[in-house]
């Protein structure tokens with residue numbers, strides 16, 4: 001009996017008419033120009049401009065907010081979070097992580113995270129903010145350096161002390177204390 005036969009409904013079709021229904025366009029990644037603008041705004045500390053650039057990108061196309069926050073500039077290899085952390089712009093770092101979903105442990109092309117950048121440039125408030133946001137103090141860059149290596153190399157004793165006493169940098173992982181972790185060149189932080 002033909003009345004009992006089920007009709008096949010093609011994917012991406014209207015179940016009533018079985019006609020093709022166009023799907024919504026897939027989300028796109030930001031353009032290199034957009035990413036460069038985000039990097040420049042974050043580098044300059046201009047949070048209102050950065051927010052406006054995010055809003056324009058989201059309103060003007062099918063760009064995902066996650067990509068805006070986590071895709072890197074092709075020129076620098078830095079995300080907006082890397083740029084803001086390296087320059088000490090806590091308001092931008094906070095906004096990117098809390099409101100935009102920027103990932104604190106995302107690595108740049110040299111394997112450095114926002115925590116590496118903040119430690120290298122002496123920005124203790126950024127470090128204090130990032131660690132409770134699940135930034136990993138033991139992450140190593142391409143040379144095997146941790147944030148503690150970076151802070152020690154620049155003589156930022158306040159950061160070294162804080163990383164060791166409060167940030168977990170001196171704790172043991174895989175049988176090695178953070179202060180004894182060797183870089184690829186054989187250097188320990190201290």
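Any Cβ shown, glycine's included, is placed from N, Cα and C.
Just so you know, TrEMBL annotations are computer predictions that nobody has curated.
As the structure is a computational prediction, the values presented were derived from the model and not from experiment.
The region 'Disordered' annotation in TrEMBL covers 1-31.
Outside the repeat 'ANK' (76-109) by six or more residues, the chain places 38-39, 41-43, 45, 47, 50-51, 54, 65-66, 68-70, 115, 117-118, 120-123, 125-126, 129-130, 133-136, 139, 141 with a CB less than 8 A from a CB of the stretch. Here TrEMBL flags 76-109 (among others) as repeat 'ANK'.
Annotated repeat 'ANK' per TrEMBL: 110-142 (among others), in sequence order. Nonlocal intrachain contacts for the repeat 'ANK' (110-142), taken as residues 6+ away from its ends with a CB within less than 8 angstroms of a stretch CB, comprise 77, 81-82, 84-88, 90, 93-94, 97, 104, 148, 150-151, 153-154, 156, 158-159, 162-163, 167-169, 173, 178, 181, 183.
Annotated repeat 'ANK' per TrEMBL: 143-175 (among others), in sequence order. Counting residues 6+ beyond its ends, the repeat 'ANK' (143-175) has Cβ neighbours under 8 Å at 110-111, 113, 115-116, 118-122, 124, 127-128, 131, 137, 181-185, 187, 189-190 in the same chain.
Mean pLDDT for the repeat 'ANK' (143-175) in the predicted structure: 93. Helix, strand and coil content of the repeat 'ANK' (110-142), in residues and according to DSSP, is 17 helix, 0 strand, 16 coil. Residue counts of the repeat 'ANK' (143-175) by helix, strand and coil are 17 helix, 2 strand, 14 coil (DSSP-based).
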